[in-house]
Amino acid sequence: MARQALHLFDGFQHTILRCLNSNTASLSQVRQAHAHILKTGLSNEIRFNSKLLSLYANHQCFADADLVLDSVPEPNVFSFSTLIYAYSKFSHLNHALRLFSRMLSHGIFPDSYVLPSAIKACAGPSAFRAGRQVHGIASVSGLASDSFVQSALVHMYIKCNHLTDAHKLLDTMPEPDVVSWSALVSGYARQGYVSKAKGAFHEMENLGIEPNSVSWNGIIAGFNQSGRYSEAIMMFQEMHLLGFKPDGTSISSVLPAVGDLENFEMGIQIHGYVIKLGIGMDKCVISALIDMYGKCACTSELSQVFDEMGYLDLGACNALVAGLSRNGLADEALMVFRQFKGQGMDLNVVSWTSMIACCSQNGKDMEALDLFREMQIAGVKPNSVTIPCLLPACGNIAALLHGKAAHGFSLRRGMSDDVYVGSALIDMYAKCGKIQGSRYCFDGMPNRNLVCWNAIMAGYAMHGKAKEATEIFDLMQSSGQKPDFISFTCLLSAFSQSGLTEEGRYYFNSMSREHGIEARVEHYACMVTLLGRAGKLDEAYSMIKKMPFMPDACIWGALLSSCRVYNNMSLGEVAAKKLFELEPRNPGNYILLSNIYASKGKWNEADKARDKMKKMGLRKNPGYSWIEVKNKDVEEQEKEQILCGHSEKLAVAFGLLNTCPGTPLRVIKNLRICGDCHAVIKFISSFEGREIFVRDTNRFHHFKDGVCSCGDHW
DNA sequence: ATAGGGTTAG
């Protein structure tokens with residue numbers, strides 16, 4: 001009996017040792033082994049403890065690992081190094097550093113094994129001071145010339161964006177290696193210093209070091225980073241020509257460039273190559289393929305790649321959602337997202353963010369707000385990409401409270417200095433009618449890029465504040481930021497809102513003369529609106545005729561709207577004729593023309609235009625506006641019939657009457673303000689000196705004392 | 001036991 005027990009015990013011990021020596025031990029096996037070691041008194045032996053440490057660390061059970069370390073009577077550098085390595089491997093950088101300093105305070109000297117791990121823990125801009133300190137410790141310990149330590153230091157300087165220091169260090173290295181040089185190449189490349197990356201690449205070659213695939217991939221990534229997609233593809237081809245076999249990384253580095261250039265032919269070729277190379281199961285390659293097909297608008301290939309995958313990978317799922325969303329398939333994207341969630345997938349911040357972006361870009365604003373809440377309930381923390389994806393949804397439906405909540409969130413989480421967050425906040429406040437809020441955000445930004453400047457100008461344009469928009473434009477240039485074509489679109493539309501014809505003309509001409517920016521169709525559309533609103537309809541028309549390209553529906557639409565404001569029948573007919581060809585299914589065009597006729601008392605022609613619309617099946621019961629009908633020489637009863645079907649927007653307008661009279665501001669989402677609404681709201685604003693803001697898609701009407709800022713006469 | 005590269009959200 002005793003012999004049997006002993007035999008069993010021996011067997012058990014054997015298992016324990018085997019478990020300790022394998023790296024695949026499950027967590028419960030490790031815990032059993034741990035219990036056994038404690039029971040048998042082996043826990044004082046450093047080799048068992050170290051093994052336990054590394055097993056717990058590899059399972060990321062750091063609390064257990066810490067306990068083991070605490071129980072070691074005389075920990076050596078090996079005990080610490082195991083845990084420090086694991087902490088930096090799993091990105092618990094602060095813990096790794098804390099442990100390193102604890103080791104030093106135990107009087108344990110670092111060796112060339114623990115230093116690289118400690119240095120790796122400093123590989124991030126925020127830990128650069130600590131990195132310098134560890135570098136100092138390495139020098140004091142006489143280990144600064146160790147090749148592993150030097151490689152780690154090079155890597156640390158690169159990750160801290162101190163590329164020059166890294167380069168200097170590499171130049172002094174007695175045994176430079178391909179790994180460190182490749183790291184420098186891709187370090188330069190990721191920062192967009194493509195020529196420096198190429199320089200380092202050649203320097204490496206001159207040192208007699210053969211570049212490997214990592215070096216090549218670094219260069220490709222660099223071109224992508226700086227938006228130089230064709231060059232990225234050229235490097236890929238050159239690599240191929242020189243006999244380097246591209247690996248999964250090369251493929252996933254080059255595919256985004258192929259997608260951004262929408263080069264479908266090349267995408268197909270690379271897909272074939274992937275299959276030939278036998279790397280079609282690499283999850284990054286699959287994600288990159290899905291993304292590429294999505295960018296090339298090949299939705300069937302996209303789903304095919306996903307379906308053939310045979311297993312669920314989060315990156316691929318996210319790429320699928322993004323691909324569907326990019327191609328306007330918002331409902332499908334939502335469906336697969338819900339499916340993934342139902343299947344218990346561990347959706348990450350990218351998954352949620354891309355779904356929110358999909359909703360806010362496809363008119364599902366309420367859904368976007370719901371998803372934001374849902375993601376937080378699911379325990380996923382929104383980041384500085386999530387906020388700029390969410391904010392447009394708040395702006396679209398003028399959900400100021402939600403927008404403010406997101407603003408507060410970004411302040412608390414320290415992401416308000418991000419240029420994307422800032423630009424999105426500026427846009428959100430402007431769309432919610434709070435242009436002062438936009439300006440407040442703008443003024444508080446520590447760094448601004450072109451998008452920020454354009455966002456605040458677009459805000460002022462939306463609010464018809466041309467003076468402020470011009471001030472920003474001047475400020476922008478004196479701060480050294482060059483305007484682009486969007487800056488001019490914002491500026492010109494601000495002038496057209498304010499009727500500043502001369503200023504508009506001046507800036508339109510200065511665009512190509514002083515800034516080297518050729519006028520695009522949207523600039524001409526702004527000019528046509530500008531001239532049209534000012535009543536200079538013939539000039540607007542001659543501008544259209546002088547345009548260096550075919551005028552599109554926006555141009556003719558701008559002219560027709562102006563013709564309606566001034567009831568210019570002959571030009572209105574010209575514009576309408578073009579529009580009926582360009583966009584036959586836009587009911588607004590028929591109504592505008594019909595109203596021009598009605599204003600001239602030509603009720604026959606007016607009815608004809610409306611019949612044409614009805615025949616297209618566009619509106620069942622289009623009524624006339626009260627502005628026209630009130631002057632028609634018919635019985636009151638018939639007037640009522642003519643007006644029938646034109647009540648929806650009026651109801652909204654009259655709804656304003658039911659709001660509390662003290663309320664100074666109302667914002668109605670995306671209401672196309674027709675003449676009747678305009679007249680009614682103007683009338684309401686004359687009571688009690690009320691101020692009313694209404695957003696008409698992308699411009700505001702500011703009503704006060706019976707006058708509207710837009711100057712239209714209704 | 002120590003060192004490098006890729007995909008997906010603005």
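Cβ atoms here come from the backbone N, Cα and C positions, even for glycine.
As given in TrEMBL:
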REPEAT    A:76-110  repeat 'PPR'
REPEAT    A:177-211  repeat 'PPR'
REPEAT    A:212-246  repeat 'PPR'
REPEAT    A:313-347  repeat 'PPR'
REPEAT    A:348-382  repeat 'PPR'
REPEAT    A:449-483  repeat 'PPR'
DOMAIN    A:630-714  domain 'DYW'
Tertiary contacts of the repeat 'PPR' (A:212-246) (same chain, 6+ residues out, Cβ under 8 Å): 178-179, 181-183, 185-186, 188-194, 197-198, 201, 204, 253-254, 256-258, 260-261, 263, 266, 273, 277
Counts of helix, strand and coil residues, the repeat 'PPR' (A:76-110), according to DSSP: 26 helix, 0 strand, 9 coil
Helix, strand and coil residues within the repeat 'PPR' (A:348-382) as assigned by DSSP: 26 helix, 0 strand, 9 coil
Helix, strand and coil counts within the repeat 'PPR' (A:212-246) (DSSP): 26 helix, 0 strand, 9 coil
Residues in the repeat 'PPR' (A:449-483) grouped by DSSP into helix, strand and remaining coil: 26 helix, 0 strand, 9 coil
